Amino acid sequence: MKFGSQIKATLHLEWKNYYVDYDGLKKILKQGENREGGYTEKDETEFFEKLDKELEKVYTFQNTKYEEIKNRVQKSEKIVESVGKDRSLNAHQIYSDIERQINSITEELNELAKYARLNYTGIIKIIKKHDRRTRYFLRPMFSVRLNACPFYKETFEPVIVNLSRLYHIVHRGLGGDEISSIPPNISNIIPLFPSQEKFFRQSRKFWVHPDNVVEVETTILRHLPVLIYKPGSDSSVHSIYLDNNSFELYQDKVDRKPGDQLIRLRWYGKVPANDIYVERKVRQEDDEIKERFAVKEKYTNALLKGEYSVDKKVKEMKEHPGTTEEEVQNFQTLVKEIQNTIVEKKLQPVLRTYYNRMAFQIPGDSSVRVSFDTEFYMTREDNFGDSDDSNRRRNDDWRRRDIDDDNFNKLPPSECIKFPYAVLEVKLNLSENEQEPDWVQELASSHLVEAAPQFSKYVHGVATLFTSQAQSLPYWLPNIDKDILKPPTLRQPSDANANEESVASSSSVLITPSLPRNINSEDNSTTIEVNDSLDMDINKKGKAVVYTSDDEDHDENAPLLGEEEREVVIQQQDRPIGLRTFSRIFRKRRPIPDRETISRILPLPPKVVGPVQVEPKVYFANERTFFSWLRFCVLLGSLALGLFNSAAADNKLAIYCAVSYTSISVVVLFYSLFQFKKRNRMINSLHPGPYDDLIAPAAVCAAIFVAIGLNFYLKLAPKMVEDENHNFVIKLNLPE
């Protein structure tokens, strides 16, 4: 479907006049191209003014609608507050009305998020189409205007949090709870971080396309409130994972060995907080046990060296009222075990993950918890084979000092990659006979999410950034660059009746039909083996893919100015930028920077997706198939050529046969070349197929059968001849 038709098919009818006029902009380009003299400066000015007007229209409309939504939310909050103050009001009726109101607000918020994504995609596509078809290079210039009207960067998080609080209050009110027991803010009853040090849970993981992020958030908040640890705090989460030079913990995790574990250092916010949480995650059958303790940031290096002493902390715990001797003993045991593991296995920081987390949980109820991670980056934190002047971590430090802020998009693809989707994790802590909530099952089977059992942020980071060290790759890696966006009518198979699929079990992996699966039933491993002799350099084929500008045109999520194009823009002297275009930009809210400045102020993430593992034998099989057809063509062509050369000049039958065989040979030759190139493209794009060809072999056999049949017919066909008595008789051309 063309994008202009896509806009018409998916737009919100009430807002149809406020979408970007994609067809109108495309019409200007076509008119300029078809006009005698080609696309001129006047056409460029008309196009830019139209595009700028459309951008302003979209930006203004979104701001207006967003303000309306915030005002409606504030109005609902005031009504709820009045119910708490005046007990004479009909609380149940008011809560019912408020529920209908916030349901309407939620639906409108979803539409507004879709509106922003669709218009942003339209603007990007039309600019790329303009740069491809004309002599003018508008892409870097208009990036400045997009930064001045950043409608596409709005996350709607403040409204989502307020809606979550309203849903929580309304549900409790309709459930008959005392109004006075309804907390004014969830954070008032939730400590900054849970005090418990051990978590038992089962989890289900999903990938969420960026287009569905807001809709997934609003779907969850209807059932679980947003968990605010600290009002006004940063929602970003940093985790540094430990491993050794041989990536032992990674390999155990991929192979799903019993008791595989991960050890990480975690803090919340863009810069390390005073407390760093040391966490250990251990898998025991179908359960995952997470244990953790806090350590001051200044003691982190000592912890990694095995020199951290718990005496001072133990003393503080014993002096604190309410701390039992068992808790103190468990703390000492945990610290000792983790330190011993770090020292014995020679663990060190190797990978950092960064993402913004939105958590959902009913206060005081840990049976169902949901974490939703967006803007997910993975960064190398190792110093393998590097000197002390490396840009990465120093030998005597526990973390890199050059990426305290979220400036990951400035790092090269070999150092940092961005995961293309959001990660949704549903954590369950249910009793033995307790069933999974219906809304969780409905969400899991909806078009909004893609099941990703066994997915691990650490495993994915190592598999994509440490390709030469990774001996095995996780099963999901070949499918990471496929588009998981599904139409609303498409639902995944429900797994409500499959208990083993509700946890990360290797024997029940959900895999899409197009996903290659290499699962050994004997050891329950879900890995892709890597040939040691294969060059796994990150820049080689099958690894981090950098899209060209042509690829970007098909990628709605690609940034307007990519990493490679930022370097090329400075050298684009052969594509003029009209003076009127410059003046139009100059009259806007900010002055025009020079090209060098533009390439510096637009630090957009590189278009890097997860590595794609295609075995060389797949390409060889395609080549063998082509050579088989080529051999057939050569044999048939040689036969035809020999027949033609040996035939007498008056032997029309031999000439006809030679021509027919030659024609078949030439047609098959070109067809086999076409199929070879087609299959090669399909392999490179990981197309699911089909790869077989049922028509060509049958057609070739039929053609040869017809050619041979005609040969026999023409050779043996009866002829009308005149005998000695001048009578005409029929004579067969039988061999004597």
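Just so it is clear, glycine is given a Cβ too, placed from its N, Cα and C backbone atoms.
Caution: TrEMBL annotation is automatic and unverified by curators.
Under the heading compositional bias 'Basic and acidic residues', TrEMBL lists 381-403.
The compositional bias 'Low complexity' feature in TrEMBL is assigned to 496-509.
Marked as compositional bias 'Polar residues' by TrEMBL: 515-524.
According to TrEMBL, the feature domain 'SPX' maps to 1-144.
Marked as region 'Disordered' by TrEMBL: 381-405 (among others).
TrEMBL lists 487-524 (among others) with the feature region 'Disordered'.
Residues or ranges marked as transmembrane segment by TrEMBL: 626-644 (among others). Among residues of the same chain six or more beyond the transmembrane segment (626-644), those with a C-beta under 8 A of the stretch's C-beta atoms are 654-655, 657-662, 664-666, 668-669, 671-673, 675-676, 700, 704.
As annotated by TrEMBL, transmembrane segment applies to 653-674 (among others). Within the chain, the transmembrane segment (653-674) has long-range Cβ neighbours (under 8 A, six or more residues past its boundaries) at 626, 629-630, 632-634, 636-637, 639-641, 643-644, 646-647, 696, 700, 703-704, 707, 710-711, 714-715.
TrEMBL lists 694-714 (among others) with the feature transmembrane segment.
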Grouping DSSP H, G, I as helix and E, B as strand, the residues of the domain 'SPX' (1-144) number 121 helix, 0 strand, 23 coil
